[in-house]
Amino acid sequence: MSHCKVPALIEAQVEMGSVNELEHKSLFRREEDVSTQAKAASLMEQGSLSPSFHEHATKSPKNSVVKSIKIVILSNKLNLLLPFGPLAILVHYMVDSKGWVFLLSLIGITPLAERLGYATEQLAFYTGPTVGGLLNATFGNVTELIISIFALKNGMIRVVQQTLLGSILSNMLLVLGCAFFCGGLVFHQKDQVFDKGIAVVNSGLLLMAVMGILFPAVLYYTHSEVHTGSSELALSRFSSCIMLIAYAAYLFFQLKSQSSSYSRLEEEANQNEEASGEDEDPEISKWEAIIWLSILTAWVSLLSGYLVDAIEGASVSWNIPIAFISVILLPIVGNAAEHAGAIMFAMKDKLDLSLGVAIGSSIQISMFVVPFCVVIGWMMGEQMDLNFQLFETAMLFITVIVVAFFLQEGTSNYFKGLMLILCYLIVAASFFVHEDPHQDCSGVKQVGSSLQADDFTNTEFWG
């Protein structure tokens with residue numbers, strides 16, 4: 001019996017030794033995986049590595065010029081409207097019809113605004129989260145910014161104010177309303193849910209923007225300025241600098257301090273694309289995206305010049321107030337990409353992404369584009385200020401309050417979306433019958449007759 005047990009004992013010891021060796025190897029591999037993940041996590045925290053940076057960098061496509069043109073120009077049905085841009089320029093030189101030039105330019109800019117968003121998304125594949133956020137902030141509303149700069153060059157300050165105001169109203173009421181409405185119809189059995197905390201922060205930023213725009217108007221209409229006509233301008237420029245600082249802090253907060261909340265939204269978007277079978281890899285290379293951004297921006301700039309020049313003539317020939325053209329028609333073109341994106345995400349039950357598109361764009365315009373235009377006007381010698389006048393300021397204030405109430409519960413349905421759309425129709429009708437008393441036929445802001453020339457001598461620093 002003892003001789004039989006010895007081989008069995010030896011065999012058992014060998015098996016135990018092999019098991020221990022396997023456990024040791026598996027633990028060693030596990031330690032290697034943990035160290036690799038720790039290194040990747042540290043690189044991501046430093047901003048030098050995005051979650052999918054290496055994957056996308058290795059899969060960077062190498063397209064020929066013809067293939068790149070085919071991907072960017074011929075892949076979207078909306079690009080069928082691109083020929084309207086050259087047609088607008090042709091009509092400008094051959095036919096004396098400002099109305100047609102304005103209409104054709106407006107239609108021609110629509111696909112360019114959408115393609116700018118596409119090129120920005122493609123370039124964001126190759127950058128970290130911080131650079132990607134800055135790219136979205138810069139190019140997300142580049143159409144409105146270019147139109148505003150051309151209007152500032154022509155001294156059309158009221159057109160600039162009303163166009164930017166219209167973009168804010170359009171994003172908060174029309175874009176968000178359509179997203180809630182379409183998403184609510186698709187998921188009518190339940191209330192769709194979004195992150196209440198992020199929505200509250202965004203509502204607070206919008207209220208801060210209203211504060212910056214409201215106080216110069218209150219100062220003007222209460223006639224409580226220390227220096228009549230100049231204190232309002234000085235306050236606007238100081239508030240604009242503060243708002244730009246606040247927006248930079250918001251970007252840092254969004255992308256660094258609270259990056260976990262926003263990276264979760266990116267992960268949801270990626271999971272949504274995987275579930276729908278869409279390809280997450282970039283379609284064009286980094287340099288192709290940069291070149292296309294430059295080309296599209298230059299083309300938008302060219303058409304914007306013809307568009308702004310034709311606003312007065314279009315208002316006269318169509319018998320439509322300039323305020324309606326600036327607040328309603330121009331922003332709809334600039335928000336075409338945001339409109340489509342917000343609805344698409346809502347119909348896939350990704351309300352956080354829809355809010356990021358609609359409310360995020362409103363924050364960009366109110367906290368970045370508006371004060372930036374004040375600073376640009378300051379450099380140009382134009383008296384661009386934050387006094388959007390009583391009618392427009394009241395409209396913005398009430399809109400932000402209404403949207404904040406709709407967002408406070410953290411849920412949405414088709415009824416809330418319908419209410420926001422109907423609110424936008426009321427806004428559109430109001431501007432259709434509104435005649436701006438501070439705007440002459442050329443769209444230039446008039447200065448009250450009660451202002452004296454000596455009142456402007458106290459603006460040595462502010463203007």
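The count begins at 1 with the first shown residue.
Each residue, glycine too, has its Cβ placed from N, Cα and C.
Just so you know, TrEMBL annotations are computer predictions that nobody has curated.
The transmembrane segment annotation in TrEMBL covers 78-95 (among others). If one looks beyond the transmembrane segment (78-95) by at least 6 residues along the same chain, the residues whose Cβ comes under 8 Å of a Cβ in the stretch are 101, 104-105, 107-112, 114-115, 299, 302-303, 306, 310, 336.
Annotation source TrEMBL lists domain 'Sodium/calcium exchanger membrane region' at 100-255 (among others).
As annotated by TrEMBL, transmembrane segment applies to 130-152 (among others).
Per TrEMBL, the feature transmembrane segment maps to 164-187 (among others). Outside the transmembrane segment (164-187) by six or more residues, the chain places 141, 144, 148, 206, 326-328, 330-332, 334-335, 338-339, 342-343, 345-347, 349, 351, 354-355, 357-359, 361-362, 365-366, 369-370, 373, 388, 392, 395-396, 399-400, 403, 412-421, 423-424, 427 with a CB less than 8 A from a CB of the stretch.
The transmembrane segment annotation in TrEMBL covers 199-222 (among others). Beyond the ends of the transmembrane segment (199-222), by six or more residues, the same chain brings 172, 231-232, 235-236, 239-240, 242-243, 246, 250, 355, 359-360, 362-363, 366-367, 370-371, 385-390, 393, 396-397, 400, 403-404, 407-408, 410 to within a C-beta distance below 8 angstroms of the stretch.
Per TrEMBL, transmembrane segment is recorded for 234-253 (among others).
Feature annotation from TrEMBL assigns transmembrane segment to 289-308 (among others). If one looks beyond the transmembrane segment (289-308) by at least 6 residues along the same chain, the residues whose Cβ comes under 8 Å of a Cβ in the stretch are 68, 72, 85, 88-89, 92, 101-102, 105-106, 108-109, 112-113, 115-116, 119-120, 122-123, 126, 139, 142-143, 146-147, 150-151, 154, 156, 159, 282, 330.
If you look up TrEMBL, you'll see 290-431 (among others) marked as domain 'Sodium/calcium exchanger membrane region'.
Residues of the same chain lying 6 or more positions beyond the ends of the transmembrane segment (320-346) and with a Cβ under 8 Å from any Cβ of it are 78, 102, 106, 109-110, 113-114, 116-118, 140-141, 143-144, 147, 158-159, 162-163, 165-167, 169-171, 174-176, 178-180, 182-183, 186, 192, 269, 272, 307, 311-312, 314, 353-354, 357-358, 361, 392, 427-428, 431-436, 439, 443. The transmembrane segment feature in TrEMBL is assigned to 320-346 (among others).
Feature annotation from TrEMBL assigns transmembrane segment to 353-380 (among others).
Proximity of distant same-chain residues to the transmembrane segment (386-407), defined by a Cβ-Cβ separation under 8 Å and at least 6 residues beyond the stretch ends, is recorded for 161-162, 165, 168-169, 172-173, 176, 196, 199-200, 202-203, 206-207, 209-210, 212-217, 219-221, 232, 235-236, 239-240, 327, 355, 359, 370-371, 374, 416, 419-420, 423, 427, 430, 434, 436, 438. What TrEMBL lists as transmembrane segment is 386-407 (among others).
Within its own chain, the transmembrane segment (414-433) has Cβ neighbours under 8 Å at 169-170, 172-174, 176-185, 188, 320-321, 323-324, 327-328, 395, 399, 402-403, 406, counting only residues six or more beyond its boundaries. Look at TrEMBL and you will find 414-433 (among others) tagged as transmembrane segment.
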